[in-house]
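Going by TrEMBL, these are the annotated features:
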| type | residues | note |
| --- | --- | --- |
| DOMAIN | A:31-140 | domain 'PurM-like N-terminal' |
| BINDING | A:ASP33, A:SER48, A:ASP78 | Mg(2+) 4 binding site |
| BINDING | A:ASP33, A:ASP78, A:ASP214 | Mg(2+) 3 binding site |
| BINDING | A:THR49, A:ASP50, A:ASP125 | Mg(2+) 1 binding site |
| BINDING | A:ASP50, A:ASP78 | Mg(2+) 2 binding site |
| BINDING | A:HIS57, A:ASP271, A:PHE335 | substrate binding site |
| BINDING | A:GLY124, A:ASP125, A:ARG149, A:SER216 | ATP binding site |
| DOMAIN | A:153-306 | domain 'PurM-like C-terminal' |
| BINDING | A:ASP217 | Mg(2+) 5 binding site |
2 protein chains.
Amino acid sequence: MAVGEFDLIRRYFQHPLAQAGARAGVRLGNGDDCALLQPAPGQVLAVSTDMLVQGRHFFPDVAPRALGHKALAVNLSDLAAMGARPLAFTLALALPQIDEAWVQEFATGLLELADAHGCALVGGDTCAGPLNLCLTVFGELPPEQALRRSAAQPGDELYVSGHLGQARLALEALRGRWPLPAAALQRCRQRLEWPQPRVALGLALRGQAHAAIDLSDGLLADLGHVLRASGVAAQMDVPALLASAAVGPELRALALLEPALALTCLLAGGDDYELLFTAPVAARAAVERAGQEAGVALSRIGRIVAMADAGPPCRLVDAQGRPYTLPPGVELAGFDHFA
Amino acid sequence: MAVGEFDLIRRYFQHPLAQAGARAGVRLGNGDDCALLQPAPGQVLAVSTDMLVQGRHFFPDVAPRALGHKALAVNLSDLAAMGARPLAFTLALALPQIDEAWVQEFATGLLELADAHGCALVGGDTCAGPLNLCLTVFGELPPEQALRRSAAQPGDELYVSGHLGQARLALEALRGRWPLPAAALQRCRQRLEWPQPRVALGLALRGQAHAAIDLSDGLLADLGHVLRASGVAAQMDVPALLASAAVGPELRALALLEPALALTCLLAGGDDYELLFTAPVAARAAVERAGQEAGVALSRIGRIVAMADAGPPCRLVDAQGRPYTLPPGVELAGFDHFA
C-alpha cells in the first residue's frame, strides 16, 4: 500500500510531548504552521542547524537506526558546546522513496536519543529527493553563561573530553587503509556511528569554562575556530596530549605502530563530538568536578596565550614549551566539505 | 581559485545584524556553535522549517536569485500564517559544486527578502551534495494571539487573500499543457518564482482571525488541514469564489475557455502562499481593515459549520447552499510529495 507524506509523518514522526519529557518551554508541538517555544524566564534559546548528506556524512549502507541517532547527536553536540539544555528540534527529510522499514528504524534511533534528552520533535518537512537530513535543535540557557567560541582568554588552560580519533580510525579501517582487529573496529565504529553528545558536560561547565566548541572538524581545525573568534593563540602540549586520557586504547596501540596516522587521527580526525574548552587555572578543581559529574574523562592539553605578531595561532610544543616537530606523514588539513 | 566552505560562508552569507534590521531578540548571530534568540517579554518564538529540492520544488534552471527569494519566502509564509513577526532564520545548503556566481545571486535574492522583513541570518551549514536548501525561520508573537490551525469555529467565515492559481497556471504553461500569452505567463511565473509572504496580513489579523494556514498544497487540501485540526466542517461557496478577487485576470480568462483547468488551478493549485483564514461574522469590518492595512484583497468564500456525521468535511455549495457540482476534468488531488 502506498504511503504518502502525511501518513509517514503521522505514523513515524509523531512525538508526544509527554513521551519526550518535554518541558514547559514547548508551548505548541507538531501539526501547525509553526511550533511555539518559550525559553524559561531569564534564559534564551540556543539554535543550531546541521545537514547530513549521503556519501559525505554517512555511507549509503549505514544502519538507519544509527543514522537517526547520529543526525540528532551531532546537533545536540552543538547545544552541549554552548552549555545549553536541549528543549526541542525540527527534522526536514528528503527521501528517494518511502521504505517503511527504513523510516521506522531511522525514527526509532532518532526518537530514542530525543527521549533520553527530553528533546521534543516539534515540526518538520518531508519530501522526495536524494537522501538528505536537516535538523535544527533548540536549547535553553542563561545568556551570561553561554560557552562562546570568542571567550578564550590568555592564561586559560585547554581541555578536551573523552577519547579522540576513534571515529577517524574507524573510517581509515573501513576504507582499507589500516587493519583493525574486529573488536577494536567495533569500538571505533561505535564512536563513528553512535556519537554521544556531551550535553551533561556542557551543562556542568556553565560558569566554569570560558570558551567551548564541539569537535566535528578535528582538534586543530576546531581549536583554530576558537582562536580566531577569541583573537588569541594557543600552545598545545603534544606529549601531554599523547599521555592523556584523550588517547584511548586503539589510538595508543596505533601510536606504537604508525605514529603519523595516530597523530592524524588525534589532531585532525573529525567526527569526535567531544568538547574542546578553555578555563582559567583557578577553575581546575571545578572543571575536574564537572567531568566527574558528567562521567567523562577530561584531559588538559595546553594553554591559551596572547596572539603573537607572527607565527601560527596554534603552536605545537613539548612539556618545556619548545617547538614539537610532528613526524612526517601527519595529515593536518582541517575538514572542508568542498576541499 | 578554489573556494572552501568557510570562505563561502564568509563571502556570501555574512549578514550583519544591523543590515538585517535585527531586533533585540537576536542576542548572538552567526559564527558560534549556536545562535542565541530571546523573544520579547510576553512573547514566544514561532519556528518553522522547509526543505526545497531540485526537480520537486524548483526547476534545475531556475534563476538563483529567485530561488534564494523563494526559499525564504515559503518559510516566512508559515510565520505569516501563525501571525508571527519574523526575527531570524538559519540556512543549510547542499551544493553539487561551488559556482560563485550562482551562490552570489542566490545569496542576493535571499538576503534582500530577509532585509525587507528584518529577518537576520543567524546560522547555518554548508556541504557538498545534490542541491538542497533547508531553512528554519523564527518569529515572535504573543502566544494567545497565535493563528492556530485548530482554532476554526462553527459560524466563522472563510477568507482567502490575494489571487489563487497563478503559480499552478504558470507550471501548466511551462509544461506545455496550456498556452499563455507572454505577458500573462510572465505575471503567473512571477507568482511561482517570487512569492510574497503575507507577513503584514498575518500581523494585522492577530486578535481578529481564529484559524489560519498558508496555501502551499492547494486551497482544498490546506482547508482540509484546518478542518481536521479544528474538528469542524466547511461549506465553500464556489460561485462566490469564482466571482471574487481571488480570481485574477489570467484565471478569469481561463475560466471562460477551460473551466475545469481554471477550477483545478484555483482549488488545488498549490504554491499560492496566500493566507486562508477563518473569522467570526462580528469581525467582518476588522478583517476588511486588516486587508487594507496589509494592501491585499481579501475574499469571503464560505463558512465553517459543525462537523456532520457523514459526508466530506468540505462541501462545495452554491449561493443558496445547494451542492455545487464541478465540471468533469477538475483534478483535486491534494499535493503529496510521494503521491
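Just so you know, glycine gets a Cβ as well, placed from its N, Cα and C.
Counting in whole angstrom, A:THR49 (Mg(2+) 1 binding site) lies 9 from A:ASP78 (Mg(2+) 4 binding site) by their C-alpha atoms. Mean pLDDT for the domain 'PurM-like N-terminal' (A:31-140) in the predicted structure: 92. Checking the binding-site residues A:ASP50, A:SER216, A:ASP217, A:ASP271 against chain B with a Cβ-Cβ cut-off under 8 Å leaves A:ASP50. A:ASP33 (Mg(2+) 4 binding site) is surrounded by 27 other CB atoms, counting those within 10 A of its CB over all protein chains shown. When the alpha carbons of A:GLY124 (ATP binding site) and A:ASP33 (Mg(2+) 4 binding site) are compared, the span between them is 10 angstrom. Over all protein chains present, the Cβ of A:ASP50 (Mg(2+) 1 binding site) has 25 other Cβ atoms lying within 10 Å. According to its DSSP assignment, A:ASP50 (Mg(2+) 1 binding site) is in a strand. Of all Cβ atoms in the shown protein chains, 23 besides its own fall within 10 Å of the Cβ of A:ASP125 (Mg(2+) 1 binding site). The DSSP breakdown of the domain 'PurM-like N-terminal' (A:31-140) into helical (H, G, I), extended (E, B) and coil residues amounts to 36 helix, 44 strand, 30 coil. Separating the Cα atoms of A:ASP214 (Mg(2+) 3 binding site) and A:ASP78 (Mg(2+) 4 binding site) is a whole-number distance of 6 Å. Between A:ASP78 (Mg(2+) 4 binding site) and A:ASP50 (Mg(2+) 1 binding site), the C-alpha separation comes to 9 Å.
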